[in-house]
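Read through the structure below, which is laid out as structure tokens, and then see the notes.
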Amino acid sequence: MRKPIIAGNWKMNKTRDESLQFIYAVKDRVASADTVESVICAPFPYLRCLVKRQGASLRIGAQNMHFESEGAYTGEIAPQMLSSIGVSYVVLGHSERREMFNETDEAINKKVHVSFSNGLIPIICVGESLEDREAGQTNQIVEAQTVKALEGLTKEQAKQVVIAYEPIWAIGTGRTATAEQANETIGYIRSVIERLFGSEVSEAVRIQYGGSVNPNNIKELMAQEHIDGALVGGASLDPQSFLALVNYQ
Ligand SMILES: O=C[C@H](O)COP(=O)(O)O
């Protein structure tokens, strides 16, 4: 039985005061960590103050990092900087980073490896564009992204990875993939992982859906066989909405 993981991705939103108001509003009201993992992926400047106030059942994630441990990379954040302040998760390969910051599959794979050497759990995003979907290329795109992201991992590492299937056309558009569409593609990603690492890993790995998830559609999505959680942008910004998502059961 895979434990659901619901993660909010704040993207480039909120002031420090707003992030503190949020954490005080939710930290003691999120679902028990025994039943659901609740995660907030916040902008870098707020990570430490959120970790200090995360409480028993909430965990904090970053939205990106560099793959090198240190060096002359002006403006970048190293993996051990995140682990040294108590961050638990890191979102890697979000489509916004792939599109706007030229993030490649190779760089994402390096980041996945250094996540593990630094005690961070990667949330790896994959997903197709509308053009890809209309051309019938969805499976090929998510397969190529998944294969490259997981290249070189041990079975033990692969089991711990979280994958977020986010069709680009459903992000921030209000146009959610239907629960069946999401389940079908996530089932396909699981079959790719089975081919790569065997059924013990594919049955253990958690795969989220992301793209216009909100308190009204979370239940239907989570009822699908292969959907183990959600990566939520817009609807994770409001404390009440985030609480409704993590307490969907
Ligand atoms: O990382 C989250 C996704 O990009 C989904 O964003 P959204 O929930 O605002 O559509």
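Quick reminder: no glycine exception, Cβ is built from N, Cα and C everywhere.
Automatic, uncurated: that is what TrEMBL annotation is.
Straight from TrEMBL, the features:
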- Asn9, Trp10, Lys11, Gly172, Ser212, Gly233, Gly234: substrate binding site (BINDING)
- His94: active site, electrophile (ACT_SITE)
- Glu166: active site, proton acceptor (ACT_SITE)
Distance, the residue listed as 'active site, electrophile' to Ser212 (substrate binding site) (CA atoms, angstrom): 15
Check: same-chain CB within 8 A of substrate site center, minus Asn9, Trp10, Lys11, Gly172, Ser212, Gly233, Gly234: Ile171, Val232, Ala235, Ser236, Leu237
Those recorded positions of Glu166, Gly172, Gly234 having Cα within 10 angstroms of His94 (active site, electrophile): Glu166
Local Cβ density at Gly234 (substrate binding site) - other Cβ atoms counted within 10 Å: 18
Spatial neighbours, same chain, of Asn9 (substrate binding site) - Cβ under 8 Å, 6+ residues apart: Cys41, Gln63, Val91, His94, Gly210, Leu231, Val232, Gly233, Ser236
Three-class DSSP secondary structure - Glu166 (active site, proton acceptor): coil
Binding-site residues near ligand 1 among Asn9, Lys11, Gly233 (Cβ under 6 Å): Asn9, Gly233
